[in-house]
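Asks: Starting off with a structure, shown below.
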Amino acid sequence: MEKINKILQGTNSEYKSEWFVDGFDCFELFQQRHGYTYDDLIMLPGHINFSADDVSLKTKLTKNISLNAPLVSSPMDTVTEHLMAINMALLGGIGIIHYNNTVEEQVVEVKKVKRFKNGFITDPIVLSPTHKLSDVDMIKQKYGFSGIPITDTGRIGGKLVGIVTSRDTDFIKDRSTTLSEVMTTDLITGQQNCTLEEANSILKSCKKGKLPIVNDKGELVALASRDDLVKNRDFPMATKDHENKKLLVGAALGTRETDKERLAALSDAGVDVVILDSSQGDSTYQREMIRFIKRNYPKIDVIGGNVVTTSQCESLIQAGVDGLRVGMGVGSICTTQEVMACGRPQATAVFKCALYSSQYNVPIIADGGIRTIGHIIKGLSLGASSVMMGSMLAGTEEAPGDYFYKDGMRLKKYRGMGSLEAMVKGGDQRYFSETDKIKVAQGVSGSVVDKGSVKKFVPYLIQGIKHGLQDLGCNSVTNLRESVYGGKVRFEVRTAAAQVEGSVHSLFSYEKHFI
């Protein structure tokens, strides 16, 4: 009783330091051998001595590829084609083009991304003086631009003789007119050895839309575009390759022999990274494909998966992956855990796989179960270098598909690649079932509410992540990981009542706006 009175009066000198320890460190938490989801966990706030704008979200996608924002769009046929991939890269992340299509269709999608934003365009579309205005019209319809250099041969490397832009062609009715009659021949050019900064300076001063780059013989070797100056100004976080300053883009493929032909075509198109798209990545097929890619296409990074255990990680790391994709049966449209009785709660899977893979400097992508900004922050806190989003981005203007209305709501279709609908189109390769007479679905088809454009939605996510890291007292993704593994960031397990308390409650009605 005397001890209790001392505590109540604040005079007790026998306080024990362990009484004041808040929460668990990550190792204590996951030694309990429970399977945790993101919602099961909460992180405790840290000390703030910097602004949210000072938070750096620069991170690794693979061993060799960096992103300016830890966001990746999923290779699903209702999520990522060229529009999504372009905008994800402009905003600092990356898009992975799905492969529920023909090789030719996937290659076209990749090329559209790589052509969208360039430093020096080393493979510009070129025409000859004998081509017609109708040829320019076809190029504009297919690629969306009409500023075309003209060489005597109609190919890169030919002698530059002119350039054709919309100013030369807009008001000419006869589209059979040859380009020699309308092209501009009084040209301002850059020399082959000029830097990108010098080329941009010339574009600014001459107020032209295109700047042909020529060698000492006057032969066309490259092209610089004024449009790209504007894009650099409007999208300073854009993720680009180091060599040509083109937007980064990834593509998915399978592990069949026919996928080697797809890989060759994707390599020619300039893809930066490929994801081996399988619901269960620890297979002989995937290990062999990883070795094939690293042996024959050393400049292309390969991400393996999906995995959820350390033994799966070990298997693919030994095969030579540059990154891993973690998650099995946790997506909103995925039924793998329910149907196959196989998978793992995502928070536990991310922590275990990230901790193991960190020994080999192999980054992981937390794939699935992302419904809120909080889930993104938790995935990063548990060791993921980036997060992959499907349902979060489905329903945006840039996602494939058309909007439709139901019960007054504007919706877009969203389906799992393991749904019967997607399997019929080709997604069954992902589930090793393309030869099965009876298909067993591991996903569903549904719809999601219109979210507007990713040009507004993704910056909202990025700002939210920055504020979340600020609350934890971490000024970068790297600092976050160090603080988690060092025990500075503390965790607690939330009871069911705590989860209710931590979400919207006790209201008759409310509205929830993303932006």
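Just so it is clear, glycine is given a Cβ too, placed from its N, Cα and C backbone atoms.
Fair warning: this is a prediction, and the values are worked out from it, not measured in the lab.
Pasting the feature list from Swiss-Prot:
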type	residues	note
DOMAIN	120-179	domain 'CBS 1'
DOMAIN	183-239	domain 'CBS 2'
BINDING	ASP277, SER278, SER279, GLY327, MET328, GLY329	NAD(+) binding site
BINDING	GLY329, GLY331, CYS334, GLU501, GLY502	K(+) binding site
BINDING	SER332, ASP367, GLY368, GLY369, GLY390, SER391, TYR414, ARG415, GLY416, MET417, GLY418, GLN442	IMP binding site
ACT_SITE	CYS334	active site, thioimidate intermediate
ACT_SITE	ARG430	active site, proton acceptor
Asks: Work through the binding-site residues one by one (GLY329, GLY502) and point out the residue whose CB has the fewest other CB atoms within 10 angstroms.
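Replies: Ranked by other Cβ atoms within 10 Å, the binding-site residues GLY329, GLY502 bottom out at GLY502.
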Asks: Nearest to GLY331 (K(+) binding site) by Cα distance: which of the binding-site residues SER278, SER279, GLY368, TYR414 is it?
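Replies: Nearest in space to GLY331 (K(+) binding site), counting only the binding-site residues, is GLY368.
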Asks: Would you give the longest CA-CA distance, in whole angstrom, between residues of ASP277, SER278, SER279, GLY327, MET328, GLY329, the set recorded as binding NAD(+)?
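Replies: About 14 Å separates the two most distant Cα atoms.
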Asks: I'm trying to understand the geometry here, so how far is the Cα atom of ASP277 (NAD(+) binding site) from the Cα atom of GLU501 (K(+) binding site), in Å to the nearest whole number?
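Replies: ASP277 (NAD(+) binding site) to GLU501 (K(+) binding site), Cα-Cα distance: 38 Å.
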Asks: Which binding-site residues are spatial neighbours of SER279 (NAD(+) binding site) here, meaning Cα within 10 Å, out of GLY368, TYR414, GLU501, GLY502?
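Replies: Among GLY368, TYR414, GLU501, GLY502, not one has a Cα sitting within 10 Å of that of SER279 (NAD(+) binding site).
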Asks: Tell me, in order along the sequence, which binding-site residues from GLY368, GLY390, TYR414 have their CA within 10 Å of GLY329 (NAD(+) binding site).
Replies: GLY368
Asks: Between GLY502 (K(+) binding site) and GLY368 (IMP binding site), how far is it from one CA atom to the other, in Å?
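Replies: That separation, Cα to Cα, works out to 22 Å.
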Asks: Return the residues near GLY368 (IMP binding site), defined as same-chain residues 6+ apart in sequence whose C-beta is under 8 angstroms from its C-beta, sorted by sequence, else 'none'.
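Replies: Expected: GLY327, MET328, GLY329, VAL330, GLY331, CYS334, GLN346, MET388, GLY390.
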Asks: What is the average pLDDT across the domain 'CBS 1' (120-179)?
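Replies: That stretch averages a pLDDT of 85.
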Asks: Who sits close to GLU501 (K(+) binding site): which same-chain residues at least 6 apart have their Cβ under 8 Å from its Cβ?
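Replies: Looking at Cβ-Cβ distances below 8 Å from GLU501 (K(+) binding site), excluding near sequence neighbours, one finds none.
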Asks: For each of MET328, CYS334, count the other CB atoms within 10 A of its CB; which of these binding-site residues has the top count?
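Replies: Result of the Cβ crowding comparison: MET328.
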Asks: How many Å lie between the Cα of TYR414 (IMP binding site) and the Cα of SER278 (NAD(+) binding site)?
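Replies: Cα of TYR414 (IMP binding site) to Cα of SER278 (NAD(+) binding site) measures 19 Å after rounding.
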Asks: If you count Cβ atoms within 10 Å of the Cβ of SER279 (NAD(+) binding site), leaving out that atom itself, what do you get?
Replies: 22
Asks: Given the binding-site residues GLY327, GLY390, which one has the fewest other C-beta atoms within 10 angstroms of its C-beta?
Replies: GLY390
Asks: Where does CYS334 (K(+) binding site) sit by DSSP, helix, strand or coil?
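Replies: Note: CYS334 (K(+) binding site) is in a strand by DSSP.
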